[in-house]
Structures are given as structure tokens and as C-alpha cells.
Amino acid sequence: DRITVFAAASLTNAMAEIEAGFEATTGHEVAVSLAGSSALARQIQQGAPADIFISANPGWMDALESDGLLETGTRVDLLRNSLVLIAHGPEAAPVEIGAGLDLAGLLGERRLAMALVEAVPAGIYGKAALESLGLWESVAPRVAQADNVRAALALVATGEAPYGIVYATDAVAEEDVTVIGTFPAASHPPIVYPAADLANRDVAAEAAFLDYLRGPEARAAFERQGFIVVAD
Amino acid sequence: MDWLGPEEWQAVALSLRVSLWATVASLPLGILAAYALARWSFPGKQLLNGLVHLPLILPPVVTGYLLLLTFGTQGPVGGPLSELGIVFAFRWTGAALAAGVMAFPLMVRAIRLSIEAVDPRLEQASATLGASPPWVFVTVTLPLILPGVVAGAILAFAKAMGEFGATITFVSNIPGETRTIPSAIYAFLQVPGGEDAATRLVLVSVGVAMGALLLSEWIARRVAARVGGA
Amino acid sequence: MDWLGPEEWQAVALSLRVSLWATVASLPLGILAAYALARWSFPGKQLLNGLVHLPLILPPVVTGYLLLLTFGTQGPVGGPLSELGIVFAFRWTGAALAAGVMAFPLMVRAIRLSIEAVDPRLEQASATLGASPPWVFVTVTLPLILPGVVAGAILAFAKAMGEFGATITFVSNIPGETRTIPSAIYAFLQVPGGEDAATRLVLVSVGVAMGALLLSEWIARRVAARVGGA
Amino acid sequence: MTLEVRIRHSFGGFTLDAAFDAPAGVTVLFGRSGSGKTTIVNAVAGLLRPEGGRIAVDGRVLTDTEARVWLPPHRRRLGTIFQEGRLLPHLTVRQNLRYGAWFAPRDARREDMGRIVEMLGIGHLLDRRPGALSGGEKQRVAIGRALLSAPAAILADEPLAALDEARKAEILPYFERLRDEVAVPILYVSHAASEVARLATTVVALEAGRVVAQGPAAEVLGDPGVTPLGPREVGAVLETRVVAHHADGLTELSAGGVQLFLPRIARAEGARARVRIAAHEVLLSRGAPAGLSALNILPGTVREVRPGDGPGAIVALDTPAGRVLARVTRRSVAALSLAPGVPVHAVVKSVSVAPEDVGAR
Amino acid sequence: MTLEVRIRHSFGGFTLDAAFDAPAGVTVLFGRSGSGKTTIVNAVAGLLRPEGGRIAVDGRVLTDTEARVWLPPHRRRLGTIFQEGRLLPHLTVRQNLRYGAWFAPRDARREDMGRIVEMLGIGHLLDRRPGALSGGEKQRVAIGRALLSAPAAILADEPLAALDEARKAEILPYFERLRDEVAVPILYVSHAASEVARLATTVVALEAGRVVAQGPAAEVLGDPGVTPLGPREVGAVLETRVVAHHADGLTELSAGGVQLFLPRIARAEGARARVRIAAHEVLLSRGAPAGLSALNILPGTVREVRPGDGPGAIVALDTPAGRVLARVTRRSVAALSLAPGVPVHAVVKSVSVAPEDVGAR
Ligand SMILES: Nc1ncnc2c1ncn2[C@@H]1O[C@H](COP(=O)(O)OP(=O)(O)OP(=O)(O)O)[C@@H](O)[C@H]1O
Ligand SMILES: Nc1ncnc2c1ncn2[C@@H]1O[C@H](COP(=O)(O)OP(=O)(O)OP(=O)(O)O)[C@@H](O)[C@H]1O
Ligand SMILES: [Mg+2]
Ligand SMILES: [Mg+2]
């Protein structure tokens, strides 16, 4: 069988490994379409021939679920991520992230790079975290919102913005930034990547793939990219 | 060459196919639209003009979304067409459609400017020699606007090679089917460490487009030399 | 009007400002580049030609990233400029730069086509009457290519109104500073149920661009009528 | 076959209101710069939709504003030669010449390309493009193109103005042949008196958009009161017959029994030839002159003396050869006591009958 | 001031290799269509870079391929009238006329716009654009534009070809005035004999890219062996003085003591006038003719008889008025036994000296 997986673009590397492993072990073919969760979800609403959807946030999965586009009972929370504060340069000093952090003071006239705070998951989570820590009011005017978390990272990496808020997974491989703190998990809603089987088709490979995602090979692949795999 | 993986080569081949088809298939329509806008007056002309420019004005995501709504299998156009076996959604044909739509305004403008520069007295002379309007077009107008047509086609091709927003929104990013070079670049840029692969693809893309550009310049020069003398 | 919130109005006003500046500021350079490509021959001409077309070929995100690397405050161009107080990063000027760069190939092509259509014998006649090359350009070439310049400007303006990828990558999305209509639309489309707000902005954007388009058509017709007779 | 033209049209300050018939043969339309000649040609060719009027060829209506008939240019089949050439720049000379033939009806009478190329002296240009031709070369190709398009009528807007005299003299006979061999009307715009005299079957004089004189060429040109091209260009036309070609290069003609000598003309013995004698080249003598280098002396009687505005007068004579006009000074009119009924001799140097002024008939 | 021209250039099959000097006054360049006239004008104007050669005005080098000198067109200040008008389509006629003045040096001698507009009869066109002009109107504006640009020399490429005779006759005097009043050389391309005779100070005849005859107009035109425009266009030029204007509209001239009558010419009594007498309009008579309408009879002696290729011959006479050429048939040469030394009378009708053939001097 051949199945099509719609996956959030932030999973690109992990999905490449998983795709190869799954094809080798099961003999099924997999095509992975990588794009923003919103684009993928809209395409599914418009009848895209996707079998599995892995979203970078629960919101779009909720929307599909309420449209009845999910195979009931197949939705799982697959991955978790954490939010970190990053600074430009390889050797920035760590800070204590909490209500007492003078983030506005650190920024001065400069900018804090985030993903879109109303629209893109990393931005929404980041705003929530800053709000819960009581920091949002003071830094809001200094926030530069990128269209996705990778663009926010690039702003810090180039030094255009001295600080930024990104996923822990994004910060790992970038030499020009340093993680100077991790936001407490309680400061924002849980960052969850849900996965589900879509209701349009029913082939054996779908279930096999969902199983494989939660298997040890996939776990290793996800962890190599810095994700936290949600235990059943 | 082994500095590009097989999936990447697939993206390159697909981009070429999509861009060529987008260009070639929209050319007749582009010439027609340009001619109509340059020479005819009819009710709704400004509407057509606006429609042609729409993809330029709208953010590509919006164009892609509108294409999805219209040409998707559930859409008012895509639905009936899919009954006839013509499917755009999530196929390379859809990528070509998106690229063609996005490139259309550029193509039409270039051709239209050329048409407006043709001396109508030459077309009149041809008519007095017995050429009916279609023949005048084929034997006089078209050869004289060839540089503009080539320019329009190359602009469209270059635009199609770089088109991303509308394509990924409309037909997603499926390897071998709709993952063009820009979509592949996008995916690489979304994860840590993807920059090298992205850079390689950018270079291929730029190389192809520059080759096409040089070719078009050469064609245009040949045509100009023919018209100019000797 | 109350169907758009204050933030949305802000985005509309900003988009207008950015697009107008992008168009107006790149026009002289666009005319120069078009003239050089159409009329001069110099070493590196095809390189310039390729460079001009680059923003068309590259995915906008890549262009935006390259702008960030070059014109960012840390960049090789942006750095020295920021010493002089000229800052693009996170400023509306940067949005205008991005839009201008993205629109540049369209503008140059349109103008270049017009220049190629000018009969050089008229320029020669003007030279024999004592006009030096700059004067020939101002008094003969420029008036004759006006329709092409108008077309190029309107294409650039429309493109600038719709430009998104390079802009947001380069100068991100800061309300009141760099949040143009397309950025706002993109943000609305990222969340479920944001379509209505996006639609309103799309309508505003289309309205503005169509107005500009009609205006340009009217100007071009006036110019054509003047050259044609009466 | 007749071309009927009735046109009303106005541009800003200029109003054209002209009606004339162009029968088979050449109708020469002349008038000063800006008098509306090109406007008429455009309207006939279908390139201008006149505000009012009717244009028909042999009953086939091309334009009729009242009946709302308007035939598009390509269905009119009028071979048009434009004042400014209008060659197709992307085609070679050969392709330009063949262009019209592509669209000609299968059964149309075709000219031989080789012959026309030779006549126009454009054989060495066939592979060039118009950009590499001189002004006169362009116009010659334009003439060839129209002739080769198997037209139902020919419209020629000052086709020879850009050509030198020698080339003109070579091309004029072809228009003559066209006039004589083919029954198509030719509407020919010109302001050269020699072309008018030589080609015109019918003459239409235009002034500021209005027809001021029209009629058969011999009639209009032989009337001393009509001086549409100015008094210098008046001249009568004699109908003659070729008698013999002499060894010294002269051709002997007979006009109503009177012997005339001309430099050799290319016409068979016995053929008819029309000879124009410009009034300003005729000398009058009371007695029969002797010892003069002029070979042609026509005895006659003064019919009319018409003084002009200046120092000149036009004297119309009746001679056995036909009506002859002479332009002399009023001083000579007095000196020779010229008045109706006075016998007089018209002296014409053979060579003063210009080669262009000899037409086949 | 002299314009020195030496050009070598070739296009595919055509090779131009011409050298001549154009002194102050009008140098008429003539030759058949395609002989290279426009190519020369373009090279002088700086619009064509010849492969080899040197062009200079009064010592100021415009082009010198050996010294690698090449002045761009706008620094040459040569008022150029093109064969095809080349009006700027986006400017009105008025703006086209003023165009050159914008760039003229402050101290340049300026023509009066009103006068030139009136002379060219384009007053009613000033607010139009070139698209709305007839062919001849365009050319008149182009002439005006060049004249108004305060040029250091004038290049005119068949400027009058598109004009009717009456208009030509109006404009020619202006070129004459230019020639006589201003010391700028005028290079004038033409194939009309009357223009050549009337305007030319110097004549340069071109054939297939090569100069076949050049020299002062009177000399070249009075030499029976040089027939650059064909034998029909031969004619001698006499230097005369205006004696009186008579009441009947005739002007009496004296040429070396011989009385000549012409229709009134616009020149003061006592002024000098150059009169061209076309050879084909001269009749020869052995005896002194009487009772003829011709007013001008010049006694003389045959100097030379030059038979042509055809039935004609050119007879050169020495008369007290100067050299006169007559074109007669060989039959007449025999009949009148014309040979060097034979006394003979040249008969010239006053009116046969065409108004264009009278030039101021
Ligand atoms: N498009 C136009 N708009 C306004 N006036 C025009 C237009 N075209 C021609 N005219 C005017 O109409 C008149 C007749 O023009 P037309 O071209 O018919 O003259 P013509 O007799 O052919 O002259 P020529 O011998 O100079 O070619 C002229 O006075 C000209 O200025
Ligand atoms: N660009 C060119 N390429 C090739 N041949 C050319 C080019 N321009 C002119 N010629 C040739 O050079 C010759 C001279 O042309 P030119 O225009 O100087 O002639 P001209 O004497 O002005 O003729 P006309 O009286 O017809 O205007 C012609 O035989 C023409 O065909
Ligand atoms: Mg005309
Ligand atoms: Mg020429």
C-alpha cells in the first residue's frame, strides 16, 4: 500500500528517517507532504488525499475533528516540545526565567524575535508564557513576529534581534545562538503535536504507520531532533 | 551528480516540468488576453484587466487558497472537471496551474506592451494585401511581437520556477507529485541543519532560470537583428 | 468604516506607504537598469540581467533571508548604512526595500520592452538638433516610453501590495511598522476561523490595487492619444 | 469597371467632401499638399471609415454609410501603394513581394514575379530586409508588392515621388501597361504634371478637400481655362499613329496627316500613341519658319487667346493634328497680332516632347 | 567655410568610396536611387560611423578614422532634414519647431520662427501633433525644425520630394537666401534638375557609391560632356544683370550686352541673377528668325557638337551672353550643317526659362 502523510514542516528531518525506516520494515510506501499545519488542515478540509495528519498544534486537529474528518479514536498526542529563550552568539550567559526576569531591560531598544503571536503555535505559546510570567506587557512593543519559528531563529542567528523565543528543537543545531533558559512547562499550555488517521480511506498501512510512529525507531528519530515523545 | 539526493533530483525534474507546462500552456491564453487588452474595447475590459492582475496583488497564500476552493475536488470548477477525469488537486498539473496563474500577469503585461508598440499601419498594409485579421495577426503582429512574447514567456518561466506560496497552499508538498524546488527548499528551511540542502537547490534553480534567461536574450537578439536589417 | 479594526486600518495605511515608496524609489533605478539592458553593451551585462531577475526566480523566503544577511544591521551593506543612520531592519523602510526588490524584475522588464520599441531614428533626429544623450533621453525616449513606465510602475505597485514572503522574513511583522496587509492576512489564515478577517483585508487590498490599475490605464490612454494624433 | 467614390469626412479644421467616378484606366487625383488625397485613398482602401459616403467598384459596394455597408480592407482586394512604403520589416524583400499572392484568390490573374522584379530593378535586393534599403528602393519594393497581389483595383499614393527621373521613366510604362491591358481602375495620386499627362485617363483635381475639376484627361488638360497644376503645366494631348522608325533614332508619327518626329518610342509601326505637348514648349510663328532646328511644325489657326494673371497668355490653336496649346508672353501676342482666326504655325522641337509625355493608347 | 568629406564604407554588396569638398553655398549631391546619398548624409551627420575617412567643417574635424576622432551628432550642430521626416510624435508641431532652439548655443544666429512658419505655410498646424499631418505637411515641419535649430551647416536629404510644385517654388527661395546670406555650407540631396540648377554652387554626382563628376555648378552644368542627370537635364547657366521691370510683367535682363526677357523676377534693378537655360528648350536657327513668338534670340557661333547615344546631339555655342547649350536632333545638325565655327542663332522662349531656374546670385 501507499499512504500519504501530511506533517507539519517542523518535522521534516524526523519524518525523513521515519519514512525510510517504515518503508524498509513494512514494505509499504509513504509520501510525506510537509507544510504549515494550517495549509495542510485546509487542504484536508478540501478533500486532500491524505491518510495521516500530524499537526504542530491541537487547534487545527480540533477543527478537523469537529468537521468529522478524523477516524474516531485514532487521535493521539504524539510529541511534546518545550520553549526556550535564545540569545545571539555562541557564549551568552544563561538567565533565570521567571517573573523576576528583566527581559525588557535586556532588550533595551532592540527586538525580541518570536513567531506570530496570534497565529503561529510557537508564537501563541510564547505569548502565553510571557503573560503568565507577567512579562508580556513590558516586552510586547519590542516583539518582532516572524511568520514561523525558523524565521524567528534566523533573526537571532544573524544578530538582527539579540533574543528570541523558539522551540527547544529548533535551537539545537544552530551555532550562532545559545539557549539561555527554558520556559517552565507550567507557564504555557502543553506544546503537543497530535497525530490522527483521517477518515477518507481505510487501509492497513495507516494503522501500521500510526503504530510505527509510537514505536522505538520513531521515538529515537524524534528524540534525535530534540522532541519529547509522549508516553502512552 | 551525487551532491543532490534522488528526492532532490525529483524536485528539480518536477519543477522543470511544472514550469514548462505552466509557461507553454498559458502562452496562447496570455497572447489572447494581451491582444484583447491592447487592441479591443469591450464591456468588462477593465474587469478582465483586474482579474489578470489579481494574482500579483493577492498574497500567494490567498491565491493558493482560492485555487484550492475553486479547483479542489470539492470546488465549483474542480468538482465537475474531476468527473471528466481532469484533476488538479494535489497533482503536478495543479502545481502547473498555480504557477501559471501566478505568472500570468507578468506574461500578459510583457506581451501587451509589445502589441501596443506595433505600428498599426503595417497591419493595415497587410490587410490591403488580402490578409484577414487572423492572418494579419499570424504573419505580421506575431512576428513583430516575438521579442515581447519571448520576454513574457521567460518571465513566466522564471516566476514559475520560484513560485511557492500558492503552490504549496493549493496542492501541498507531496514528493514526486507536487514537491517543486521551492517547496523542497521550504521544507529544508523549517528544520535545523537543512540550510545546505536548501542552498544546493537554490543554486540549481538559479542555474536553470539563468540558462533560460540567456536563451531568451539570444532569441530576442536574433529576432531584433532580423527586423532591424541585414 | 467600522468593518475594519484600527489595527487593520493601520496595516492598510502601512501597505500603501510601503508600496508607494517601493515603487517610486525603485523607478529611477528601474529605468536606468532597463535602459542599460536595452541599449548598452558592457561586460557583465548578462550578470546584471540575471541579478535583476533573481528575486523572481528565488522563493521569496530565500530573497528575504538574503536581504536579511545583506541589509541587516550586521550585514555588509546594512552595517555601514546603519552607521549613517539608514536602518532597514524592522523598519517600514525595510518592508519597502523588500517589496521594491521583489517588484524590480517586473518593473525593469516592462520598461525595457518599451525602450526596445522606441524607433532609434527619432533619437538620432533629436541628437542632430543638438540634444546630448541625457537630453535625448529626457525629451524623446522618456516621453515615448511613458506607457511602459506606467505599466512597470503599476506592476511593481501591485506586486508590492501583495508581497509577503520576503518582507516578513526580512523585517518580520511589527504592528504599525512592518505589518502590511499581506502579513496581516497571513496571520489571520494561520488560525482556524480567521477567514473572515482575512477576506476583509483581501477586499481592501484588491480595491486599492484595482484603483491604481484603472488610474494607470487612464494615464496610458492619455499618453497614447497624445502620441497618436489630434 | 468603375470605382465610384463619394466621401464626406472631417478632421478638426479640415473637411473633405469629394465625389468622383474613376472609370477603367488611370484616374489621377491631384492637388496640393494637405488637400485630402491620402484621406481619399485611405477611405477607398477601407483604412478610414468616412463619416458619410458611398464607395463602390463596378457595383460592388465597399462602403455605404447609409446602408451601413462596410467591407473590411482585406476583402476589398485593392492593391495599395502607400506614400511611406510600409514594407513588413520582418520579411525579406522576396517575402514582401510574395505576401499578397498568399492571399490572392486561386483564380486571380497573376503577374510574373521575375518580370516585375526586373522592371523595378530590385533583383539584387531580394534577400535583404527593408531596414537595409534606401528610400527609393523601399518604394520600388512597395510598388512590386501591390502589383503582385492580384488586385481588383490599384490605389497608388505618390508612388514615384521618391524615385529619380530615370527610374520613374522606367516604371511609368508599367503603369501604362496596367492601364491598357487590365480593366482594373487605378486611382493614382500625383503632383507631377508629366505623370498626370502620361497616365491619366481621367483627371480629378482636389483643392482643400473639394473636387475643383474632373473629366477625361484630354478634355481637362486641353482646356486653356483649367490650369489645375499651375499655368506652367498646361499642355494638350494629340492622338497619333506611328508611321516609321528612322535610322537616325527618330520615330515618325502622323497626327491627322501632320508629320511629327520624336526620339524613338517603343511602339510598333501602325500603333497609336498619345503625345503630350507642353504649352510652354510651343513657339508660334506667323510665317512658315525655315532654317530652324525644330523638326515639327504644325500649321493652324488661332482659336482662342486667354491672357493669364502674369505676363503670359495661353493660345489655343486648331491644327489638322488636333488642338494644340501654346504659352507665350502677352508681348508676343501683341507683336504677332495673335487673335482668333489668325493663321499661325506652331513650332515644336522634337526633343521637347518629353519621353514621359508619350503614352501608349 | 568648407565641408570636407572623404568616406569609405561598405554594406554587404554596396561600397561607398566618395571624396568631395562642399564649399560655402549649396553643394547638391545627386545620383540615382541607391547610389549612396543617404549614406553620405548619415556619415556627415554622425549617425553612421564610416569604416574609413575624414569629415571636417572649416578645419573642425568631425570624423577622422585614422586619428580616431569622432564627434557625436549633438556636438556637430548640423541641421539635418531627413528623407522620412522623423518628427517627434509626442510633441506638437510648435514644440517640434522649437526643439532645436532649446539646445542652440546662446549666441547662435536665430531664425525668426514666425517668418519660417509663414514661409512653410504651417501656421494652422502649430498645435497639432505629427500623427495628424499629411505627408507633405510633415516634411515642411521637418524643414522648419532644421532651419530653426541655428545649425552650423545644413544637411538636406531630398527635402522637397514630397511637396507639390507650387510649394517647392515657395520654399526654394529660402534655401537660396540661406545660401546667399549665411556662410554655412549646405549639403543638399536631390534628383530634381531644377533644384540642382537653381541652388547648386557646387555639384557632386554620385554613381554606385563613387563620385563621377564634381565642381562648380556652372562648370559642370555647362559642360556638354557631363550629363549626370541624363541628357534631358543638361542646361547652361548665364550670369545676367537686371535691367528693368516692364509693365507687361516681363523683366529685362542683360547678359554680356544681350537683351533677355523673363517673366517678372523678384530682384531689384541692377541686381545680378543667374539664369539657367535648359538645353532642350533652345532652338537653333541659321538665319536671324523673324515673326516668332520667342523673345530671346542670342547670336553666336558653334563651338562644339557632341552627338549623344540616341537621336540627339548637344551643341555648345559661344554667344556674347556666355556659353549656351542646345539639344537638337542629329537630323537637324545635318540639315543645318552645324559644325564648329558656323554662325547660328539660339532661340529661347522667355517662358521656357522656368521660374525655378532663375536664382539670385
Ligand atoms: N488624423 C488627423 N487628424 C486631423 N487632421 C488630419 C488627420 N489626418 C490628416 N489630417 C489633415 O487632413 C488634411 C488632408 O490630409 P491628407 O493626408 O489627405 O493630405 P494629402 O492631400 O495626402 O497631402 P500630401 O500631398 O501632403 O500627402 C490635411 O490638412 C491634414 O492636416
Ligand atoms: N543597413 C544597410 N545594410 C545593407 N545595405 C544597405 C544598408 N543601408 C543602405 N544600404 C544599401 O546601400 C546603398 C545606398 O543606400 P542609400 O540609402 O545611401 O541610397 P540613396 O542614394 O539615399 O537612395 P535613395 O535616393 O533611394 O534614397 C543602397 O544600395 C542600399 O541598398
Ligand atoms: Mg498624402
Ligand atoms: Mg536616400
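For all residues, glycine too, the Cβ spot is worked out from N, Cα and C.
TrEMBL annotations: computationally assigned, not manually curated.
Annotation comment: TrEMBL describes B:12-214 as domain 'ABC transmembrane type-1'.
What TrEMBL records for B:20-38 (among others) is transmembrane segment. Remote same-chain partners of the transmembrane segment (B:20-38), defined as residues 6 or more beyond its termini with a Cβ less than 8 Å from a stretch Cβ, comprise 45, 48-49, 52, 93, 96-97, 99-100, 103-104, 107-109, 111-112, 114-116, 137, 141-142, 149, 152-153, 156-157, 160.
Under 8 Å from some Cβ of the transmembrane segment (B:50-72) lie the Cβ atoms of residues 33, 37, 78, 81, 88-89, 94, 97-98, 101-102, 104-106, 108, 163-170, all in the same chain and six or more residues away from its ends. Annotated transmembrane segment per TrEMBL: B:50-72 (among others), in sequence order.
Positions annotated as transmembrane segment by TrEMBL: B:92-115 (among others). Within its own chain, the transmembrane segment (B:92-115) is flanked in space by residues 14, 17-19, 21-23, 25-27, 29-31, 33-35, 37-39, 52-56, 60, 63-64, 67, 71, 86, 141, 144-145, 147-149, 151-153, 155-157, 159-160, 163, 166-167, 170-171, 177-178, 180, which lie at least six positions past its ends and keep a Cβ under 8 Å from the stretch.
As annotated by TrEMBL, transmembrane segment applies to B:135-158 (among others).
Counting residues 6+ beyond its ends, the transmembrane segment (B:197-216) has Cβ neighbours under 8 Å at 3-5, 8, 11-12, 15-16, 150-151, 153-154, 157-158, 161-162, 181-182, 184-185, 188-189 in the same chain. The transmembrane segment annotation in TrEMBL covers B:197-216 (among others).
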Which residues, given as numbers and ranges, are at least 6 beyond the ends of the transmembrane segment (B:135-158) yet have a Cβ under 8 Å from it?
19-20, 22-23, 26-27, 30-31, 34-35, 100, 103-104, 106-111, 113-115, 117-118, 122-123, 126-127, 209, 212-213, 215-216, 219-220, 223-224, 227
